[in-house]
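Colleague: I have a structure here, written as structure tokens, and I will follow up with some questions on it.
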């Protein structure tokens with residue numbers, strides 16, 4: 001068990017290293033002049049040379065990579081080319097904001113979606129089940145910015161001006177700023193969890209141990225809460241984890257839409273400004289977050305499910 | 001389970017359910033709008049016809065004073081073409097790699113799946129942003145990056161589907177008679193994994209549309225002055241209260257399109273799983 005966990009951790013670290021190579025190659029080694037791309041066509045040869053020197057663009061690729069990696073490992077990934085701030089200082093508060101947003105979405109969506117899935121399974125083939133099925137299918141299809149814009153149209157414009165359409169503050173995030181972005185993310189990840197919970201619960205409800213519990217004459221409520229739901233949680237945990245990991249990327253578009261001051265919005269901004277050090281640091285950070293959540297999910301499902309624990313050596 | 005079914009017959013089976021039919025109608029509506037729209041648009045998409053956000057015509061003018069209806073009618077074609085191209089690239093590459101990994105196994109399997117794991121460590125939109133950041137938002141790059149970000153996801157599914165087929169007798173028989181491996185993959189295995197393949201095509205098309213539209217919405221996909229639905233939303237959302245049509249029309253079009261493709265995909269998945277007592281009833 002511990003050996004397996006360690007193995008997963010080592011594998012995660014290896015993937016993270018490979019990710020850093022991809023991030024570096026995508027931004028530094030793609031055909032085209034990086035300095036020219038950053039400064040634009042009108043740049044003078046002197047400024048180009050100065051930037052190449054600052055970013056060590058004339059060094060061999062391998063030594064460029066290692067000096068960049070060294071910077072990351074010492075929490076000093078360089079300075080932003082746009083505002084001159086150290087990347088770490090610029091990114092720090094934004095990470096907190098994004099984590100708050102992701103956690104809010106996760107804490108709201110997971111229990112709600114699991115409840116809806118269970119309810120839908122219990123009401124199998126009745127009207128409520130069909131409605132849930134169609135609604136989740138529709139929501140699962142919609143790109144998150146379409147959901148977000150629709151929420152803005154409904155709640156922030158027109159007769160109902162309940163909530164701000166975009167964030168207008170200066171770094172501090174309050175509850176009202178959080179509502180619409182979090183709701184968008186909840187509607188984006190929820191449907192998959194609902195569908196998986198429903199499918200698993202239907203299987204569980206037809207199983208012999210649930211039948212046995214019913215035959216014993218236990219009240220349906222007890223059968224559901226004590227016998228069925230705990231057995232459905234294991235398989236659903238995987239999907240929940242996958243969805244929560246998705247949030248790491250999902251925040252990008254949603255934060256941009258609501259001008260929410262997190263790492264996603266910062267990434268889009270940096271890409272638009274060709275702010276290379278910030279793009280590299282944020283892309284790596286989001287990928288790292290994604291890997292860590294997946295890893296946690298793996299470990300949780302290892303702990304939660306004895307069958308997995310013994311089956312995979 | 002997997003059985004040799006022609007894609008057309010799978011679609012026919014799927015189309016027996018009401019939901020799939022609704023999906024097909026929705027897709028057809030948007031595709032027709034995108035294809036025929038440019039022919040019936042009253043103005044050129046880049047013509048200035050009034051003051052910015054003016055309300056002289058049916059749906060008014062956009063942020064630069066161009067006709068909203070005309071831009072809407074012109075704005076779907078490229079999105080459709082790029083999404084389909086990215087889907088074909090992603091599902092094509094993913095299927096080829098997944099079949100090789102499943103059929104050949106060994107180091108090829110290991111190599112393909114581990115490289116896939118690295119790509120899977122990036123959220124799709126972040127991968128796209130990363131490649132666009134220095135090379136710039138070029139159309140071929142968008143198609144390639146979106147397509148390749150699908151590939152490992154498709155490969156996983158197709159590898160599993162292949163593994164179930166390779167154990168069957170007809171594959172063994174073909175091997176014994178000395179049929180070439182490529183021939184076995186295209187002639188024996190591929191026809192038996194069309195079910196999951198069709199489902200993947202639908203699923204990846206839905207995601208491609210969302211991703212490419214989202215990139216344009218971020219200002220990092222199709223570039224001005226192109227008429228494009230994602231870009232229109234980006235350009236006009238500041239005036240949502242004054243001129244909602246410039247945002248509402250493209251939002252509705254993208255929503256209807258993706259809902260349609262997802263309903264069809266759901267139908268295909270049910271048809272391919274057999275409508276019997278499945279988990280996904």
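Keep in mind that glycine also has a Cβ here, set from the backbone N, Cα and C atoms.
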Colleague: What range among B:55-74, B:115-134 does TrEMBL record as transmembrane segment?
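Modeller: That would be B:115-134, the stretch labelled transmembrane segment in TrEMBL.
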Colleague: Can you check which of B:205-222, B:223-240 TrEMBL lists as transmembrane segment?
Modeller: B:205-222
Colleague: From B:173-195, B:242-264, which range did TrEMBL mark with transmembrane segment?
Modeller: B:242-264
Colleague: Is the transmembrane segment (B:22-41) in contact with the transmembrane segment (B:242-264), using at least 3 Cβ pairs under 8 Å (sequence separation of 6 or more) as the test?
Modeller: yes
Colleague: Going through B:22-41, B:78-103, B:115-134, B:205-222 one by one, which has the most CB pairs that fall under 8 Å from the transmembrane segment (B:140-158)?
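Modeller: Result: B:78-103.
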Colleague: State the residues, same chain only, that lie 6 or more residues beyond the ends of the transmembrane segment (B:115-134) and have a CB under 8 A from a CB inside it; answer 'none' if no residue qualifies.
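Modeller: Same-chain residues near the transmembrane segment (B:115-134) but 6 or more away: 97, 141-142, 145-146, 148-153, 155-156, 207, 211, 214-215, 218, 220.
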Colleague: Report, as numbers and ranges, which residues of the same chain sit near the transmembrane segment (B:22-41): CB under 8 Å and 6 or more residues beyond its ends.
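Modeller: Result: 15, 67, 69-70, 72-77, 79-80, 253, 256-257, 259-267.
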